[in-house]
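According to TrEMBL, the signal peptide annotation covers 1-18. Per TrEMBL, domain 'FAD dependent oxidoreductase' is recorded for 6-331. What TrEMBL lists as FAD binding site is T181. Annotation comment: TrEMBL describes R284, G316 as D-dopa binding site.
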Amino acid sequence: MNKRINVIGAGVIGLTTALLLQQKGYDVTIVASEFPGDKNIQYSSPCAGARWKTLAPNSDLRLQRYDAVSFKFFWELAKSNAAEAGIMVVSAFDYYQEKPTEDQLNPWWRNLVPTFQFIDQAELPKDISFGYYYITMVINPSVYLPWLLKQFLNMGGECQKKTIYSISEVVNNVDIVVNCTGVRSKELFADKDLVATRGQNLLVRAPNIRQTMSMETKSSYTYIIPRSDGTVILGTTKEENKSTSQINDKTVIDILRRAIKCCPELSVKGLDGLPVLENIVGLRPTRKGGPRIQNEFHISSTGKKTLVVHNYGHGGSGFQSSWGSCQDAVQLVREGHTLIKHDRLKIRKLFSRL
Ligand SMILES: Cc1cc2nc3c(=O)[nH]c(=O)nc-3n(C[C@H](O)[C@H](O)[C@H](O)COP(=O)(O)OP(=O)(O)OC[C@H]3O[C@@H](n4cnc5c(N)ncnc54)[C@H](O)[C@@H]3O)c2cc1C
């Protein structure tokens, strides 16, 4: 039986899936237009914050499982390989301007993260109605993605740099293809439920900031994500169906102002004390109903049947849900593989009767 698989995409989802498939004994080739080190607004992973702050609602057990599995994995990784993998354990302060909903009063993840607590009213910033304190992890994509790729190559994985325009270009030598093409799945697979949500962030130097913070108001979402090298990511915007890579200067000022309001320790001199080192803009692959992790069969013009396992549409949660969601995709690969084996056996039995 053919154990070769093509994974399309080398973002956090493609790389994580490829690594998990190798653990199950598959020979994996990653085919992708961009690999770690490349930049493109449609290559979301290098543009991410990224931190673990779940967006899974209390009602969605699937997304909760993805985030919980990933939190536990990152926690172990932080204990053993924090610096090489670009993971840092930090305190988190999340502030909300609006009154809490029922879900927010009983967050599903309160027993998952260490030292969860509601912040005392007396310690909340002005105009903030409630907040959480807990321990979480921040992930530096420019360290973590090359680290994932290195693990994949060390285990004998192969890479092919190539843009595909149709799935039929990658089915010749394999029975199974895993689609991890992020926002570009919209065109490749005509997915109407997928929307690109533009996010604009900034990188500044502020070595005194060692904790992650966020502030959610009616009109904005602001965060502060420290890196181990003394730089800090400030963000963000969430602009649906906007895909320009052009930097909006007004937005830069707005993010700086919001970030300093959320965390005054960022700069005692205000905006002037916080020069921008880099502007970062990326598209989140946001999908109605959550990520698509699903099997589909592709029949080529010659009649060859190939299993296509979709694994895309992780929105603003691709890092924090990666290990859990990719485990599901690998389970689907195994189920699909069993179906293919049964199909082949049936045909062989039929031939043997001749
Ligand atoms: C500003 C911003 C902040 C974010 N912050 C966080 C955060 O704090 N926490 C978090 O968990 N997530 C965060 N995210 C979300 C996260 O970045 C995404 O969910 C994740 O990167 C999606 O990964 P992916 O592998 O599916 O897609 P991508 O990283 O986009 O990778 C897609 C891959 O497919 C390849 N590809 C696409 N089309 C083709 C083709 N036709 N042929 C060949 N190759 C192709 C690309 O080259 C690439 O290798 C953030 C995102 C943004 C933009």
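Glycine too: its Cβ is placed from the backbone N, Cα and C atoms.
No curator has checked TrEMBL annotations; they are predicted automatically.
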Task: Structural state of G316 (D-dopa binding site), classified by DSSP into three states - done: helix
- [ ] Count the Cβ atoms, other than its own, that fall within 10 Å of the Cβ of the residue listed as 'FAD binding site', considering every protein chain shown.
- [x] 26
- [ ] Pop the Cα-Cα gap between T181 (FAD binding site) and R284 (D-dopa binding site) into the table, whole Å please.
- [x] 12
Open item on the list: Fewest other C-beta atoms within 10 angstroms of its own C-beta: which of the binding-site residues R284, G316 fits that?
Closed with: G316
TODO: In whole Å, note down how far the CA of G316 (D-dopa binding site) lies from the CA of T181 (FAD binding site).
DONE: 15
Open item on the list: When DSSP is mapped onto helix/strand/coil, what comes out for the residue listed as 'FAD binding site'?
Closed with: coil
